[in-house]
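What TrEMBL records for this protein:
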| type | residues | note |
| --- | --- | --- |
| ACT_SITE | C2 | active site, nucleophile |
| ACT_SITE | K607 | active site, for Fru-6P isomerization activity |
| DOMAIN | 2-219 | domain 'Glutamine amidotransferase type-2' |
| DOMAIN | 287-427 | domain 'SIS' |
| DOMAIN | 459-602 | domain 'SIS' |
Amino acid sequence: MCGIIGAVSQRNITKILLNGLLHLEYRGYDSAGLAVVDEHSHINRIRCLGKVQKLVDAANRENLIGVVGLAHTRWATHGIPSEINAHPHISEYIIVVHNGVIENHDQIRKKLISYGYSFSSETDTEVIAHLLNMKQKQYGGSLLQAVLKSIPEISGSFGMVVMDSRKSSTIIAVRIGNPLVIGCGMGENFVASDQLALLSIANSFIHLEEGDIAEISCNKIAIFNVMGDIVNRNKVKLNIHHDHISKGIYKHYMQKEIYEQPIAIKNTLLGRCTNKEIDLSELGINIGMFLKKVKHIQIIACGTSYNSGMVSRYWFESLANIPCDVEIASEFRYRKLQVRKDSLLIALSQSGETADTLAALRLSKKLNYIGSLAICNVLYSSIVRESDLYLITKSGIEIGVASTKTFSTQLTVLLMLVIKLGSLNGMHIEVQRKIIKAIQMLPYRIEQVLTKDKIIEKIASDFFDKNHALFLGRGDHYPIAMEGALKLKEISYIHAEAYAAGELKHGPLALVDNNMPVIVIAPNNQLLKKLKCNIEEVRTRGGLLYIFTDQNVEFRKNDDYNMKIIQLPYVEDVIAPIFYTIPLQLLSYYVALIKSRDIDQPRNLAKSVTVE
Ligand code: F6R
């Protein structure tokens, strides 16, 4: 989604802004822009459709210089991706960049037109620039006053940064619905929608809270609420270094992140999983008592996080004996809910900023849940801060838009929670120990399955000319089939669907012919016999079978032209869903590679989905 960076300094900040935008590219965008103001209050703006590199080239050609400025990557919502619609938007001397959606933009636009304002773009953002301009003219006073007067008239969600070129020593940041973080420097300050944009220039940060308005100048940061009263916010230091965000020896971030899974899982287990028990005391001293009360789990999530919730449902119910429901957050938030007694709401999100999940979490606070728990990869994210409890997945930064290591670490945390709840719910000590032993093997098992990389790369070439694919799984591997299909469609643009294998003959079987790849997730478990029948159903219709299975499982006539068997090392049943995800991630990666797709930034998608 859109990315923002702003800077106020006494040196030329053009390169800093462009560098920040390069670090925001991973969030997904379609156009970019920058406006800087020099010491003579002169505004220099450049915008382009496409990659930030085009903007960098243009800035170099024009030798842009400015001591204060704003830059933006846009992910189109209102108005097509184009140079004219790219931010920043300007109204005389007011400059605006904005993330989010102004819901009443039409109404405000009509009013502004009646006051003589004209519009050069189709965006909702341009109304903010003119509205601020109008408020300043109506009431005089500072830009801060104009912001305070404008906010009550704007509905929707917006993280925005604004400035007045005539007073080029200050920028103003507003957080309503969309996150912003201030990066503190020496004699200069910055603001961005994502701290990754600021890592090379600041090492202490202030995370704005909902409704905060920050007036930022070189030596001073003042934060107000929407009433204009001063509020205090903590400054925090972050321990993230630049090398964490380089590709290293890998071609793509996604490939690197697939390979980082053993270490990401080790870090996630560290301090929480001992040989004997799961220790979640980070949740507070009374956590045992609290979890004992939990009689139902309600999971809310979107996309890949939803798929991990779906896997955990099988675990919560079969291992911990606790009923669990999983719902897509955008559905949950718009229907009449019946809350079960003593239900714990779990919000799953790698980014912690997904608009629908955040809104569903906020809604849950008004309902009768006994509490909320976030499982998230970003410590200072909105979902973490607004949940009663949180468990951080320690994946490290994930840059590829397609979630990989955040999915496997989410599952790792969920499985630890299952054991914890199970232990409070009468799970036999031997069963606990067995699962703990399996979890501890997980990093090693994933290292083993990663050695199949070359085999999977070879198979991927079969998909070069394919437009559709089916994924089949049963039990806790059905959501893994869903995740496999999601990964394939999002980065290779092949249309892929997942089915519970038993559903095949209830419709999707009609799609199967000798041009349809059918990927089957077939671990060596108690459902394998049933799955083998479904495999036969595909085979007799000529479907192209790709079966991911255990090395000890035998299938009839392995050398069939239409059946490829990818034999994988042994894995314990309980962790098999995490393990079987890895070859599917590799398959999508290599298919996207041969199709020359933009793997880390697939078209139309964003890493952090901050609009509903
Ligand atoms: C797909 C993917 C998305 C996200 C979804 C929710 O690879 O990453 O489907 O899972 O947008 O995002 P989070 O987990 O940040 O709430």
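Cβ coordinates are placed from backbone N, Cα and C, and glycine is handled just like the others.
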Worksheet item: Quick one: mean pLDDT on the domain 'SIS' (459-602)?
Response: 94
Fill in: DSSP-derived helix, strand and coil totals, residue by residue, for the domain 'SIS' (287-427)
63 helix, 28 strand, 50 coil
Worksheet entry | the domain 'SIS' (459-602), counted residue by residue under DSSP: helix, strand, coil | 67 helix, 31 strand, 46 coil
Response to the item:
As a whole number of Å, the Cα atom of K607 (active site, for Fru-6P isomerization activity) is distant from the Cα atom of C2 (active site, nucleophile) by 10
